[in-house]
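*Asks:* The structure is given below, and queries will be raised subsequently.
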Amino acid sequence: MEQASATTTVDVLIVGGGIGGLTLAGICKKLGITYKVLERSAEITPVGAGISLAPNCLRILEQLGHLDFIRRKGQPLRKIQIFRNSTPWSLVDYDWVQEKFGYSVYSIERHSMHQVLYQGAGPEHVLLDAEVVDIEDVPTAPSVQVRLADGRQLAGQLVVGADGIRSATRRILAATQGLEGANTIRFTGRTHMTGYTHPLQHLGPADLGVATWVFYDDSILTSWPCIDNRQWFVGVKSSELKNPTRSSWKNATQAIINDVYGDRFHPFGEHHRVRDVVNLAERVTASDVFEETTFPAMACGRVALVGDSAHSMTSFIGQGACQAIEDAGELANALHAYFASQSPSPQMLRERLEEYRHRREARARYVFSFSSLFAQLHTGRLWSPMGPLLRWVAFVCAPMWCWHRALTPLYGYQPVVHALVDAPHAN
């Protein structure tokens with residue numbers, strides 16, 4: 001990794017080397033905008049299990065040249081089989097998504113997708129072990145100053161916070177505006193236990209692309225199809241908050257997950273048990289799930305936010321990464337308009353970021369509300385005590401046009417980076 005000097009100056013400083021930050025970095029690279037990604041971790045290691053990439057983010061990833069990789073290493077969703085305990089409820093067709101929106105919904109290993117974005121951004125532009133502790137945006141100054149925990153100083157024409165649900169950028173930004181310097185997230189009362197498996201050798205071609213939702217009496221478990229009949233499973237159960245300062249558990253194991261789900265029914269288990277799937281996991285994780293309570297301004301002065309740093313939401317509709325990618329694309333349009341100007345100025349930059357803010361905030365609120373509503377429906381808590389009945393009506397009785405109508409605003413919105421529309425789609 002490149003080491004920053006005390007006077008490092010670039011166009012854009014991106015705080016956070018996750019999906020959103022690296023996507024923005026890759027776009028900046030193609031647009032000729034200089035950038036530096038500041039990642040607090042000391043190394044890039046496998047984290048998480050799977051990731052969902054839906055049509056609303058795939059046009060941007062195609063512009064970056066990543067669609068061929070996604071098609072090779074990801075699995076398009078074809079069907080969803082739904083069970084109540086071990087009783088079949090319905091089989092939902094999902095092939096229509098490709099036909100209607102031009103892209104399927106893909107499940108792919110998170111780490112492999114992260115590595116592709118990392119290489120696309122350029123490791124030489126990523127500073128590891130770079131924890132941001134202060135951001136100074138003085139309106140009359142020519143640049144925004146960033147200070148790291150080890151004392152290094154960096155400067156950029158703007159700073160982008162892409163540092164996740166417990167965003168340091170957001171806390172610093174709030175404090176500079178005289179607001180409480182804390183993220184406004186709340187615990188949802190749910191713990192997610194997830195894993196990504198080796199191929200399930202007993203499954204066949206007919207099982208490829210088939211997702212599974214199982215509604216148990218006291219919890220739920222979904223599994224998403226990945227390449228070669230691998231499974232990305234997500235168990236959801238009610239729980240007490242273990243640590244208010246972090247989301248991920250430090251020591252998640254297969255045994256912990258099997259204690260909760262092991263003896264439960266799963267149609268893809270070799271013996272129709274969840275443990276048959278969990279025991280084939282390459283890695284597992286567990287996390288307490290938080291979501292946003294108050295939406296911050298997605299830009300203030302010369303500082304902007306993308307992804308979970310601005311609008312963390314539940315993962316039930318698989319839109320966390322998709323929304324971060326949408327943000328990155330829309331922000332890149334604002335940045336290109338600024339840097340391509342004949343007479344750029346700090347005031348013009350603030351105006352471009354304000355336009356970005358207004359474009360993205362309404363969309364983020366819509367997707368957040370959709371995700372929250374779907375989570376309540378999925379867990380049988382929507383309009384409680386009517387929740388279980390409403391869930392049955394939605395997933396057993398509702399005709400396909402209901403799915404089309406619900407998902408069209410979500411998947412039909414497909415932003416692009418305007419300056420890359422005619423560019424060849426290659427890394």
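A Cβ is built for glycine as well, from the same backbone N, Cα and C atoms used for every other residue.
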*Asks:* According to Swiss-Prot, Glu39, Asp308, Ala321 bind FAD; which one of Arg110, Arg230, Arg405 is listed for that same site?
*Replies:* Arg110
*Asks:* Radius 10 Å, atoms counted are CB only; among the binding-site residues Glu39, Asp308, which position scores highest?
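*Replies:* Ranked by Cβ atoms within 10 Å, first place goes to Asp308.
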*Asks:* Tell me the Cβ neighbour count for Ala321 (FAD binding site), meaning other Cβ atoms within 10 Å of its Cβ, over all protein chains shown.
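*Replies:* So the Cβ neighbour count for Ala321 (FAD binding site) comes to 25.
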*Asks:* Output, ordered by sequence, the same-chain residues six or more apart from Arg110 (FAD binding site) with a CB under 8 Å from its CB, or 'none'.
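*Replies:* For Arg110 (FAD binding site), the qualifying residues are Val47, Gly48, Ala49, Gly50, Ile51, Tyr196.
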